[in-house]
Amino acid sequence: MKVLIALSGGVDSSMSAKYLQDQGYNIVGCYMMLHGREDYHKKNIENVKKVGDFLNIPTHVLDLQNTFKKEVYDLFVNSYKDGITPNPCAHCNRLIKFGALWEFAKSLGCDKIATGHYARIENGLIKSAVDETKDQSYFLANLDPEILPHIIFPLGDKFKSDIKAQAAQIPQISSLATQKESSEICFVETTYIDVLKQHYNTNLPGIVRNANGDAIGTHEGYMHYTIGKRKGFKITGAHDPHYVTAINPSSNEITVGKKDDLECYGFKTRNFNNFTPQKEFESLVKIRYRSKPIPCIVRQEGDGATIELKGNAGAVASGQLAVFYDNDQRVLASGFIA
């Protein structure tokens, strides 16, 4: 079976390629150029070629910078402009790291694609990785359901510590075991605000209001804030911590309140991505990557869904991905919080 493996130049994807080759797969490597940081790509491509030479496999460089800018980067920047907290990795995985990769794989005559993500596929569903500290099922929950049969996750049943230890014993790629791991959002070198500053004036002092609409302080500019943030604004007469509860881009105002004001027992999603035939089901939902799963009832309504929570989620932010799991850590559905 011929498999196209996405190679990033890091230890995870490199060892994934080795595992697949050891299992008898005919593998081809592919490095995807996504953003415009040339120094970043140069080093990674050198590593990919090193892995290709070690495994004696062909490697390709796929330039997806234009698609990435249009579908991921611009969406990221414009979301903050609109007062929304985006999840660029969820969009990138669906459209590029898997969508575009699969199209390229088919053009090469490959039967499947593989990546170094920490996740599993079980009974046609994405499932959390054995290594819970590295699990990436949350970020993969927006994948097109039709692509799942064509994916292999070689690292789903492995631990990162073991992978690095094994790589360290292979002279040709041992240096990859000690290199710094990539950041969560590949094009953000420091903070998201530094990215936004390249496109907008983010320093726009504005008014802070309470739930009654009273002006109680000032802030640095609405793009500096996300729902639940408790720093970076000044309010008068407050003794308890205050948190951002709403963002109004048109007036450049933010609303703050106490922690109780962030309580949330239900929300709606858009772009609902259902991996099951069920339109209504009970589930465990995560509203952020590292958030605690909360029992809920999901009711799909067209391309969206209404979520009834059986506990308080707190700080639910529009634009973030809600991911719904069953009791066996399998992904049932996902949707972007409206």
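Cβ coordinates come from backbone N, Cα and C, glycine included.
From a predicted model like this one, the values you see are computed outputs, not experimental measurements.
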- request: Please pick, from Gly109, Gly116, Gly124, the residue that TrEMBL records in the ATP site together with Ala6, Leu7, Ser8, Gly9, Gly10, Val11, Asp12, Ser13, Met32.
  value: Gly116
- prompt: Reported in the order helix, strand, coil, what are the DSSP residue counts of the domain 'tRNA-specific 2-thiouridylase MnmA-like central' (194-258)?
  reply: 6 helix, 23 strand, 36 coil
Message: Within a 10 Å radius around the Cβ, which one of these recorded positions has the most neighbouring Cβ atoms: Ala6, Met32, Cys92, Cys186?
response: Cys92
